[in-house]
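Some features that Swiss-Prot has for this protein:
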BINDING   Glu554  L-isoleucyl-5'-AMP binding site
BINDING   Lys598  ATP binding site
MOTIF     57-67  motif ''HIGH' region'
MOTIF     595-599  motif ''KMSKS' region'
Amino acid sequence: MKLKETLNLGQTAFPMRAGLPNKEPQWQEAWDQADIYKKRQALNEGKPAFHLHDGPPYANGNIHVGHALNKISKDIIVRSKSMSGFRAPYVPGWDTHGLPIEQVLAKKGVKRKEMDLAEYLEMCRDYALSQVDKQRDDFKRLGVSADWENPYITLTPDYEADQVRVFGAMADKGYIYRGAKPVYWSWSSESALAEAEIEYHDIDSTSLYYANKVKDGKGILDTDTYIVVWTTTPFTVTASRGLTVGPDMEYVVVVPVGSERKYLLAEVLVDSLAAKFGWENFEIVTHHTGKELNHIVTEHPWDTEVEELVILGDHVTTDSGTGIVHTAPGFGEDDYNVGIANGLDVVVTVDSRGLMMENAGPDFEGQFYDKVTPLVKEKLGDLLLASEVINHSYPFDWRTKKPIIWRAVPQWFASVSKFRQEILDEIEKTNFQPEWGKKRLYNMIRDRGDWVISRQRAWGVPLPIFYAEDGTAIMTKEVTDHVADLFAEYGSIVWWQRDAKDLLPAGYTHPGSPNGLFEKETDIMDVWFDSGSSWNGVMNARENLSYPADLYLEGSDQYRGWFNSSLITSVAVNGHAPYKAVLSQGFVLDGKGEKMSKSLGNTILPSDVEKQFGAEILRLWVTSVDSSNDVRISMDILKQTSETYRKIRNTLRFLIANTSDFNPKQDAVAYENLGAVDRYMTIKFNQVVDTINKAYAAYDFMAIYKAVVNFVTVDLSAFYLDFAKDVVYIEAANSPERRRMQTVFYDILVKLTKLLTPILPHTAEEIWSYLEHEEEEFVQLAEMPVAQTFSGQEEILEEWSAFMTLRTQAQKALEEARNAKVIGKSLEAHLTIYASQEVKTLLTALNSDIALLMIVSQLTIADEADKPADSVSFEGVAFTVEHAEGEVCERSRRIDPTTKMRSYGVAVCDASAAIIEQYYPEAVAQGFEA
């Protein structure tokens, strides 16, 4: 035999190269076949519940890396809870109604208005379900464990019915009303939009400064006075019915030199505006407060028969403009509020497609609203004082990426104002992570208007409202409950398939319909009402779930989206929030911190990562970043993550290989019988177990990542395993020293594998398949380890911390000797430590082979007073390094004075010779092969 065969060189088939792109699908198939999700749920039956409610992604297209961050985060939380004594079912969901699907069909050539509505809606449904299947496969490829067979989908009949019941409950409490308030109007979608459907972009717009002539100055202003107005939306001048001034602002009337006109404008802006208007000199003739100007009458700039009333408004500022804003109640929220309060007419001159209407005047009719600025300037004539291009933030339809307008049209609203304080009180009771989320959502609810819930589209849940002959809206509990029952049985498509009377309860009558005739609403609900009702359609509806949920986890954009709409509906119906805690995440940016976009070519798809690295690397990346803020990802970042994964994997592979002959039931050594350094590592590892368990409970993935990486690279690879291999390789297979270390190896291997399972389930399962002494078939069916504490552990940790400092100093001395060519490898060294009594006491207390721990062949501890002049000192401790005496033992690779050529043909030290002669007599008799 060969000499190396006398060494216990750990053997394992566990591969160094992970091959994740190929292996992960195999593991996922094995989990499906074994029905792991259901088995885990069955194991947890009767345990305390933890319910994370899945915010539904929109079912359109493959998932992006933001989806991956979110879904992996949820999976880590649910897996860790499931392995930590909680019944934690996870029901995934999809949002399936809305404009994007209509747009996809339109791009495919489907013409909605030229076909039967029921047929069109069926096409929408089929497409949505195809996208659900696509995304389900994408999420499963990430290794996400969920009830994939029973997801919630917002287009299913039972869900639609529960959504209608939420609406009915809100209507029954008087929270639903119809109004003609200005709403965000998307001409590109031909529909109203909610605030959550708006995004802002910087654009260039033409702003106009023009003047309205005073018609009735109320004894305050002369009729030859003109009030100077500013607008950034010239098309709205066609619907202007008032001029708003700040009640406490100071205004002046000025006369430019050479002009026959007087102009009123804010006093603080006179100089800047005079320069803008080309007034070289002017005279201030009178001063006025805004309150003094109230109810002065002016003429519309070109339609002089239309009067525009001066009114007061707190929204007027002097940050820009003239201190006076023209007021078109049909085209703005502030305009509407002050206009209604002062009896102004609400005029809308733009239709649903963005085209100017007949009431705008014959010159404007039929033109696109954004193209009429030249005509407005022409109509203003000499009343136009200046025109300039400004760059400002403007709202866009987040789906079509087209600008929107404010437009007053009859819509259905949910009144937030009626129960706003209840919502705010519930926010105060909710836990937020990060903490700033509480203030963000609080301020949003505090400042938001009522919620426009109607949409002028086809693909969605119909508003369950009927109209009597006299126009009375009917949405009583009796009616909405009946509609909900119909939806539960037939789906919401029944709304379009039946006449109004056939949708009402049998024999239904209403005093407003003496002839028994009814009409039904044709608008659908805002999709945020769909997803915002999920607490009722899912958490409150399924027996294995509970409401309110323990946790909602989504991107920070959902403060104005799902967090917001769910909170409103839940408080409206039941008086409490739908969640106990909210965790939000930032956006995923590219490696340079830029937003990802196809046009920039900087997008990274999960499928790309899976093909190149494997989903495990994406999962590990999720734990390596602070996702409460925006995070960065790139292929270079993922390469670094892959390198970290490799270190973790290879360390665990070493532990597998070097416990392959270890049976924990027969060979394990009790803690009190372990060596001193083994006890230290056991204590140290249990601290890591405690840190990781607490971090899982706090959803602090980064803390887990840091704890694992630090323990694997510093405590294990750079310390314990670095010298332990000299014991497990060299000592006799059954020696107490080797079994002590194998006990620690195996304990770390099993427990660390469990701890890593929520993050790296594929790798953990692969490792588990090599642990033949563990009972559970799959590691996902095991329980998380519980951290142990040991008597005197604080003192032990303190002693070893001091030793680790000494070891670092010794390594510096060895490095200097290496550089000076005194030694090559550290095993060639004889290290002398000139120790104080304190250091001697420490080394004695450790009760360990210090030479082994220092990875030197020979070590001497001398008195501090005896240090020679050529010693080197680090932090008060002196060292000398000499070449060790003796020859290299061919078996242990240590230099030992007892090393000599043996009769069986190898030069080994006495310790190795004793092992060879006891355990390998045949080799002793025959000699070793060269």
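Backbone N, Cα and C define each Cβ position, glycine as well.
Its Cβ placed at the centre, Glu554 (L-isoleucyl-5'-AMP binding site) has 22 other Cβ atoms within 10 Å. You'll find the Cα of the residue listed as 'ATP binding site' roughly 23 Å from the Cα of Glu554 (L-isoleucyl-5'-AMP binding site).
For the motif ''HIGH' region' (57-67), the model gives a mean pLDDT of 94. With a 10 A radius on its CB, Lys598 (ATP binding site) counts 7 other CB atoms from all the protein chains.
Within the motif ''HIGH' region' (57-67), the DSSP-based counts of helix, strand and coil residues read 3 helix, 1 strand, 7 coil.
As a summary of secondary structure, the motif ''KMSKS' region' (595-599) carries 0 helix, 1 strand, 4 coil according to DSSP.
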